[in-house]
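Beneath this line is the structure, given in structure tokens, with notes to follow.
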Amino acid sequence: MALSKFLGLFLIHIALLWSSCFAADPFVFYDFEVSYITASPLGVPQQVIAINNKFPGPTINSTTNNNVVINVRNKLDESLLLHWSGIQQRRSSWQDGLPGTNCPIPPKWNWTYQFQVKDQIGSFFYFPSLHFQRAAGGFGGFIINNRDIIPIPFGSPDGDITILIGDWYTRNHTALRKALDAGKDLGMPDGVLINGKGPYRYNDTLVPDGIDYETIDVHPGKTYRLRVHNVGISTSLNFRIQSHNLLLAETEGSYTVQQNYTSLDIHVGQSYSFLLTTDQNASSDYYIVASARFVNESQWKRVTGVAILRYSNSKGKAAGPLPDPPQDEYDKTFSMNQARSIRWNVSASGARPNPQGSFRYGSINVTEIFVLKNKPPVTIDGKRRTTLSGISFVNPATPIRLADQFKVKGVYKLDFPSRPLTGPPKMETSVINGTFRGFMEVILQNNDTKVQTYHLSGYAFFVVGMDYGEWSENSRGTYNKWDGIARSTTQVYPGAWTAILISLDNVGVWNLRTENLDSWYLGQETYIRVVNPEVTNKTELPMPDNVLYCGALSKRQKPQDISFATSITTSSSKLFLAVLMVASALLFH
């Protein structure tokens, strides 16, 4: 008996010593099985992409500096990558889940992502980044909570609710892809989904009977944090809740100056946190609305998502007309002024990737300037393509980061122009050469007729200005040099520009793209390559042991490698638990 107790205590000491190695930065684990299921969100049966048989997928819940381990099993009939939009992957573009950095996960294979959510807080989402798959689902929320020792700049909410909004087609993603390949437009979407469900039947003519809609249950007199993400294809949406104000608190990892909005435009790929106070009399349920923006509203009425906010003491169903959208169909200044009003809360505590520069970005010397211009689609070599500064990006067979690692030549060109090309457009794998620890100014000029949203992996950039017309050197006089919001996704209005500043302190290969899925698919993107001339694990983590190979390096991929693709940390955690179980059994025997 004494011996067994001694052994038990000894094992517990070993286990605790072992766990202390990971105590500073805990692990969170997820298993994702990605497969097709049949669903009818708009009343028409169709193939959607589910995770663990759920559409949308589960929300990832983590805390600043957690190590996130996600084992992905690909049960689709085509290759797969999952991208963690807005997660900065500090020092590890290997985990970004984009074709410029990762080889795809083949069908029937599994692969384990492992990354640290270093120095981040906030509301993000994930989605499949290949083959137009996001149009079929496979997306879900991604929360990074503050550590307990870091206060949040508002009272602890009574609940935390993720809301995924987005335009939706009843055609499968493969059919949409074929339409684009054939040089066609996708046309008007068939509707807007809210958390994977179609609209509440607020109108018998516009909404057919029998559609499943989302209901969000709340209690009166409470405050809820709503994390709203536009995970759609190409439609800007106006989000509003009948009879309620939305107090904006955070966007894509930055706390905002808190302001009330009756509605807010959320563009493709953007994420916002609102505080919702349930202060109404609950005479009936309330409409939650996500409606298409900058379109002919009489023709697009059916492209409206409607869910229900239900108080626990509600006296009846929602009825009557929806709350009005902004009355500015032919005036874009309302939306732009609203966007300009979103400012950074510079006094809030929170994880910051570059605290030494966070409050003084306006006085940092710019070291490189790029003007990136997009236009309506063009024809290159008989194919309909989209361009950025006259270049339509071609994804290489060998990912850029992998080509650098193994010194494979000819995969890409490090020659993306700092100003738009003046000659005919061309299709190339042309990459921006970023200077490590440089400070880059990027002007995004949208000469198309619809809103474009741009996203940069690896960073939060400062949105310092936007206006209509062509950007010029004099435009800098209008920049916000103090509290421009730091985020990873910004809108650029048609016939307008948006200026962003980026502190290039994260080594890796980082995707700069339009989030409009059709334009992205047709080539409106590039990558920024940031290399530290001094090779050190302090600025970039080593290539992961389970890296997949493809393209010029495909011969390196061994079939049995995939059986070892799960992370060693998974085994470590299981062994740790096993040691504790054995110890407990010995102690209490």
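From the backbone N, Cα and C atoms, a Cβ is placed for every residue, glycine too.
What TrEMBL records for 34-147 (among others) is domain 'Plastocyanin-like'.
As annotated by TrEMBL, domain 'Plastocyanin-like' applies to 160-314 (among others).
Taking the domain 'Plastocyanin-like' (398-533) as a whole, pLDDT averages 97 in the prediction. Annotation source TrEMBL lists domain 'Plastocyanin-like' at 398-533 (among others).
Per TrEMBL, signal peptide is recorded for 1-23.
Per-class residue totals from DSSP over the domain 'Plastocyanin-like' (398-533), listed helix then strand then coil: 17 helix, 59 strand, 60 coil. Residue counts of the domain 'Plastocyanin-like' (34-147) by helix, strand and coil are 7 helix, 52 strand, 55 coil (DSSP-based).
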